[in-house]
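Reading through the structure tokens given below for one structure.
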Amino acid sequence: MGNKIARTTQVSATEYYLHDLPSSYNLVLKEVLGRGRFLKSIQCKHDEGLVVVKVYFKRGDSIDLREYERRLVKIKDVFLSLEHPHVWPFQFWQETDKAAYLVRQYFYSNLHDRLSTRPFLSLVEKKWLAFQLLLAVKQCHEKDICHGDIKCENVLLTSWNWLYLADFASFKPTYIPYDDPSDFSFFFDTRGQRLCYLAPERFYEHGGETQVAQDAPLKPSMDIFAVGCVIAELFLEGQPLFELAQLLAYRRGQHDPSQHLEKIPDPGIRKMILHMIQLEPEARLSAEDYLQNYVGVVFPNYFSPFLHTLYCCWNPLPSDMRVATCQGIFQEILKKMMENKSGDEIGVDSPVTSNPMNASTVQETFANHKLNSSKDLIRNTVNSKDEIFYSISDALKKNRHPFLKKITMDDLGTLMSLYDSRSDTYGTPFLPVEGNMRCEGMVLIASMLCSCIRNIKLPHLRREAILLLRSCSLYIDDDDRLQRVLPYVVALLSDPTAIVRCAAMETLCDILPLVRDFPPSDAKIFPEYIFPMLSMLPEDTEESVRICYASNIAKLALTAYGFLIHSFQLSDVGVLNELNSQQISTTPASETPSHLQKANGNAQLQQLRKTIAEVVQELVMGPKQTPNVRRALLQDIGELCFFFGQRQSNDFLLPILPAFLNDRDEQLRSVFFEKIVYVCFFVGQRSVEEYLLPYIDQALSDQTEAVIVNALECLSTLCKSSFLRKRALLQMIECVYPLLCYPSQWVRRAVVTFIAASSECLGAVDSYAFIAPVIRSYLSRLPASIASEEGLLSCLKPPVTREVVYRIFEKTRNPEFMAKQRKMWYSSSPQSKDWESVDLFDKDAGELNSVECRAEQKQSVEGKKQIKSASKQPEVQGKYAEKDAKLRIPRNPRPNASNTVELRDPVYPEKLQFSGFMAPYVSGANSFIEPENIPLYSFSMDKRAATNPPVASESSLQMNSLGMGSLSVPWMDSMSKSFNLASSVPVPKLISGSFHVGTNPKQFYRVVHEPESRENDQISSAISKFQDLGVSSSSKSASVTSEDASSPADLVGEPSLSRTSVPDSGWKPRGVLVAHLQEHRSAVNDIATSSDHSFFVSASDDSTVKVWDSRKLEKDISFRSRLTYHLEGSRGMCTTMLRNSTQVVVGASDGVIHMFSIDHISRGLGNVVEKYSGIVDIKKKDVKEGALVSLLNYTADSLSGPMVMYSTQNCGIHLWDTRSDLDAWTLKANPEEGYVSSLVTSPCGNWFVSGSSRGVLTLWDLRFRVPVNSWQYPIICPIEKMCLCFLPPSVSVSTTMKPLIYVAAGCNEVSLWNAEGGSCHQVLRVANYENETDVSEFQWKLPSNKVNPKPNHRQNMSSKYRIEELNEPPPRLPGIRSLLPLPGGDLLTGGTDLKIRRWDYSSPERSYCICGPSLKGVGNDDFYELKTNTGVQFVQETKRRPLATKLTAKAVLAAAATDTAGCHRDSVQSLASVKLNQRLLISSSRDGAIKVWK
């Protein structure tokens, strides 16, 4: 094919290249490739992609091309049988009258182009390409095919470094003349540079001894020589081994290429190349022999068969599947590459003992993958992603830069020694990385991942690809990290998916600190490349991305700082800023290179700090700042201080700190005071005392215990480091000491730690001079050493309520009061201070008793006098100095009422003196509910014990407080470790946290306490001991006798009466309409109020949740909602607000729980304006069990986090810990009982009751998560609503300690049930309505069985599956739809009769209708009568004048339409209350109206 033509006519017009080609090929010329003279190469567009067309133009005599076509057919057919080919023959050819066309697929890159393209090939990549080139030649020679023109242009490469050998030259001459270079230039010189890859034996001389035919067959040794030339050029960075003249000289023995090959550092590669280019063809080995002989010398062992087989399996897969499979076997790839390294590679610390993964294992893995779908494969591999990174976590930790690790308290000393506040720069060495982490084979995996990452369709697989790149970056060199991996990671910072952007950010911040060295061209990578690409992240629409940026900004800043320092080191050795000697000699001393460099370095550092400061300010104070972003930024505030230095930390960081505290998020405030200690160490002593200590002082009166504790721990750290001056330290002690009586043990321990640290800092003399007088009133006795935490804890008096503590704080803010108090502290004698509180207690006794109008008032006063007289005895005074104080109890106490002393201590302002508000005989007790007053204490005491305290008794009781001040009694030894009970002493009963010792069955005492949010690990053992004594730890406020408390089953507990959750006792709404809110377009199903009653939210069927400002209810005439949250088309079924937060949880009809936070700035002191800035979406949880039916707050104890209990349409009951996405537990109700329509939980969190849509009520024990009791409501109807019953204190404990609940079901009736036995106590009902049933028809007293003993199978199936309901669904009975419990057992109800009623528990006849329509001619002449039937009390509302007919729904609606008092005009769906200047009632109805009453 053209071997006999000397030259052809030059074709100049490219439009004629495809003129003779049939139009069926659909080819469009794109550009001309190369400078070939024999074949013209052009790039064309085809319907299926780009192709390369090589055109041969016929000139002169006609030539028969059929022989060459036969050779092309043979080559194509032979290579079709290859399983994993490295050869790429021509795919199509066409001969016309004027030309011949050869067509193959276009490849973006060949070896010649790749050698000059960044990122440049690494050593292992070059070996991998050489390995594949030998494999390609081996495949050809095994099929008896020789290429004939192997050169860099004919070696094609994919983006993942898979090699193909193309453009087989079966139509080119085998031999060419030695003395005529024209043939060489015509056939083989495509670049015009006269580079020669032909074997020497392919040149012949005219007239020589041996005559050869130009078309003689090619030999394999000729291809081996060309392969050697290509491999040499590969390792010589693109420099050719031979030009034509050099090759001819080498043929004559006049040229030695070994000198040129000395530039290759690997001797094994040089040896292999020299062996391939020998002059003697017979001395050259076959391609297979070279592959076998140089394994372990040139080619790593894992190349074949492991890595090659792996690539063969990856080639046919799409990008998503490649990443998924790579992730699944990444560990095996790493192990295999780390084994048996070749050459001088450094091994790992210990050999890998696991079995190696061979080629068969790889093939089996991919074969199994092919059996599954792509989605299953991706799912299985993605689930194991954590296994990849656990194995390298230690490596990441070892190789992190020293100043990039988290700064701990122990590191502060070392960090401050590293930190030089004077120079403020250039003080840290650059990033060291250990060499044992090197694994050069990881570059190949990284290249494959980079080639796939742009084509991955699934976002989570793009994320996994980035994380795999992060893993590979641990084992590759710096150049590959910067040139190969980093550009792809940075490009994905603008990915449309948030999780991909977060992963790219994390990977970027993990890769950059690993860099040890970089070229001068990358010295400004941060200011010119990294920071501009990150500039949009502070305004990212997704909060998770901003959080990720904030959590990594400190690491990024310190890494940029390290890069800057390293660039200065490069300039020191003359790499950067080179100046010639003449310029230096003529430059003044002030402008020498060292001075210029230092000035330039300071300018660059200041610019870097300015850039980071702008980012921090945008994250903290920008328009898209959130509490979560701020919290993330605070986690590394110490590293930021280190980066900014002392001056800029004062100038920049200090002014933005108030922005953190202005946020209402309690978690943010807690983290702020946890991390503020790092700022203290960097800004200096003066800044701490002037700016930061006021913040800490403010935190001490915070509502959140974690904030208080973190502030105290910060102070303790500063004291232990001697960072505070004496004056500032004493001021903080005066601010802190009231917290010694705080009800939380966690806070008290933190206060004790601070006081002990302060004492150690001041010394013994100053401690007793300044600290002891301040804290003496809070201690039962003074410890031997104030610097001892254990001693202080053992001497602490019991805690008081939060209300008392906050009043003390208000007093301490008064300068006059503090001046008076200091005079008392430092002027009084020790004796007067010891008993000052006792005198004050006695002084207020009469006032306290006057408040409590009880029959036993006289006895109580006498008891106090006895206590006072006993306290005056010297023996009693000496008792406080004893270490082991014991409670003396007579062996046979007299059972008369005069021995009972009841101490009631409400809060009075005159008792809020530091020296007097804690009486020695007043102690706290374990508690679970909020009180309204100081704890109430009662104890039985024999007069002989009071008058003769030193007398020992066999009935002495030693009680251990077990670390809980609330469990201690002043007489009892706080350091005792066990109970020592004499056999004659009655077992003490702990009722609501108080101890009662006595035998009189009529002696009972009631104690209400403040909950302890933090208790130590010994609480559980204490509770278990009390339970062994027959005492319930969950008991609540109640009056208890020895009879009533004899049964442990009675001590179930009474609900908490929190000030914020339950209306005031005795509150009686008058029915005066305050506001009418009509923004909702459909039914308002539920209302929830905030903890501080500043706002409330409403959930509606119109797919919205609206936020209303409570403070404007009584002020604004036109009242509008402040914020609106949209539920994306689903109905809002139920809602609740998490306690002590602004977070709202809403259950929707599509089964999604929406959780969001309200950005609300409440009105405080000064000129603070109340503001609702927006809604922050926190999370959405799809339960996938149908609509949400019920939703309520759940609090097991004060230690648990915010939890929500909810029920679903598919009979599921779940407890969700809102801090995670998972349920804490899940229970399943019986489907045959219907779905769970209502829930009610106990305040202690030990039990709850569920009501179903078919009238089945079930009591569940949450300790074991099993149903305890289940009973059927008297009629089969849905349980509409349930709530707890708060009985009055006068009721006996046998009743109050049982789980009592109000149940709204049936037709206009509410019943009070004891869930323990399923018995009914009381029924509240409304008469004169249709569908009502006579009372006598129901068996209210005894619970109904759900299933008959031996039912008929057919009837059972019908009853179980309610088949009749499919044909005719039962109508929903009119009745009560909303309940609001009140203290004392009272109840507010609202229902379909459009009325809201108040039912009085103690005096049922005083019940009344708050609001509702009045029937024409009848008026409100309702009265309430009591009946009894089968032992159940019935309270029934009836008309004084009987109605002729029973009321119908139409009659009620007609009356509502004409009512002028503003009553509801549709069913009342929800009730709630808020406490402002007065208590207000909020009600919502099915027509979308919300009404506020007073």
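Just so it is clear, glycine is given a Cβ too, placed from its N, Cα and C backbone atoms.
DSSP assigns ASP149 (active site, proton acceptor) to coil in the three-state reduction, placing it in neither a helix nor a strand. Annotation source Swiss-Prot lists active site, proton acceptor at ASP149, citing sequence analysis.
The ATP binding site annotation in Swiss-Prot covers LEU33, GLY34, ARG35, GLY36, ARG37, PHE38, LEU39, LYS40, SER41, LYS54.
Per Swiss-Prot, compositional bias 'Low complexity' is recorded for 1037-1047.
Taken as a whole, the domain 'Protein kinase' (27-307) shows an average pLDDT of 88 in this prediction. What Swiss-Prot lists as domain 'Protein kinase' is 27-307.
Summarising the annotation, Swiss-Prot assigns N-myristoyl glycine to GLY2.
According to Swiss-Prot, the region 'Disordered' annotation covers 859-903 (among others).
For 1037-1064 (among others), the entry in Swiss-Prot reads region 'Disordered'.
Swiss-Prot lists 383-421 with the feature repeat 'HEAT 1', giving sequence analysis as the kind of evidence.
Residues or ranges marked as repeat 'HEAT 2' in Swiss-Prot: 480-517.
Sequence-distant contacts of the repeat 'HEAT 3' (524-562), counting only residues of its own chain at least 6 positions beyond either end whose CB sits under 8 Å from a CB of the stretch, comprise 401, 403-404, 428, 430-431, 482, 490, 493-494, 498-499, 501-502, 505-506, 508-509, 512-513, 518, 604-605, 607-608, 611-612, 615-616, 618-619, 622-624, 626, 628-630, 632-633, 635-637, 639-640, 642-643, 1176. Residues annotated as repeat 'HEAT 3' in Swiss-Prot: 524-562.
The repeat 'HEAT 4' annotation in Swiss-Prot covers 610-646. Sequence-remote contacts of a segment are chain residues at least 6 beyond its ends whose Cβ falls under 8 Å from one of its Cβ atoms, and for the repeat 'HEAT 4' (610-646) they are 403-404, 406-407, 415, 419, 421, 424-425, 527, 531, 534, 538-540, 543, 546-551, 553-558, 560-561, 652-653, 656, 659-660, 663, 665, 667-668, 671-672, 674-676, 678-679, 681-684, 1157, 1176.
Under the heading repeat 'HEAT 6', Swiss-Prot lists 687-724.
The feature repeat 'HEAT 7' is assigned by Swiss-Prot to 727-764.
The feature repeat 'WD 1' is assigned by Swiss-Prot to 1079-1118, with sequence analysis given as support.
Taken from Swiss-Prot, the feature repeat 'WD 2' covers 1127-1166, and the record attributes it to sequence analysis. Summarised by DSSP class, the composition of the repeat 'WD 2' (1127-1166) is 0 helix, 22 strand, 18 coil.
Per Swiss-Prot, repeat 'WD 4' is recorded for 1231-1270.
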Legend entry - Shell list (ATP; ref centroid = CB of LEU33, GLY34, ARG35, GLY36, ARG37, PHE38, LEU39, LYS40, SER41, LYS54; cutoff 8 A): THR190
Legend entry - Length of the line joining the Cα atoms of ARG37 (ATP binding site) and ASP149 (active site, proton acceptor), in Å: 15
Legend entry - Among ARG35, ARG37, the most crowded of the binding-site residues [Cβ within 10 Å]: ARG37
Legend entry - Candidates 480-517, 687-724, 1079-1118, 1276-1323, 1371-1409; stretch with most C-beta pairs under 8 Å toward the repeat 'WD 7' (1466-1494): 1079-1118
Inset, instruction - Give the residue from the binding-site residues LEU33, LEU39, SER41 that has the most other Cβ atoms within 10 Å of its Cβ, counting over every protein chain displayed. - result: LEU39
Inset, instruction - Measure the Cβ-based neighbour count of ASP149 (active site, proton acceptor), defined as the other Cβ atoms within 10 Å of its Cβ. - result: 20
Inset, instruction - With ATP as the bound species and LEU33, GLY34, ARG35, GLY36, ARG37, PHE38, LEU39, LYS40, SER41, LYS54 as its recorded binding residues, calculate the greatest Cα-Cα distance and give it in Å as a whole number. - result: 13
Inset, instruction - Could you give the residue numbers and ranges of same-chain residues that sit at least 6 residues beyond the repeat 'WD 2' (1127-1166) on either side and whose C-beta is under 8 angstroms from one of its C-beta atoms? - result: 627, 662, 664-666, 703-704, 1082, 1085-1092, 1094-1095, 1097-1105, 1107, 1111, 1172-1193, 1195, 1202, 1204, 1206, 1208-1209, 1216, 1218
Inset, instruction - Measuring Cα to Cα, tell me the gap between ARG35 (ATP binding site) and ASP149 (active site, proton acceptor) in whole angstrom. - result: 16
Inset, instruction - Compare the Cα of ASP149 (active site, proton acceptor) against each of the binding-site residues LEU33, LEU39, SER41 and report the nearest. - result: LEU39
Inset, instruction - Determine how many residues of the repeat 'WD 1' (1079-1118) DSSP places in helix, in strand and in coil. - result: 3 helix, 18 strand, 19 coil
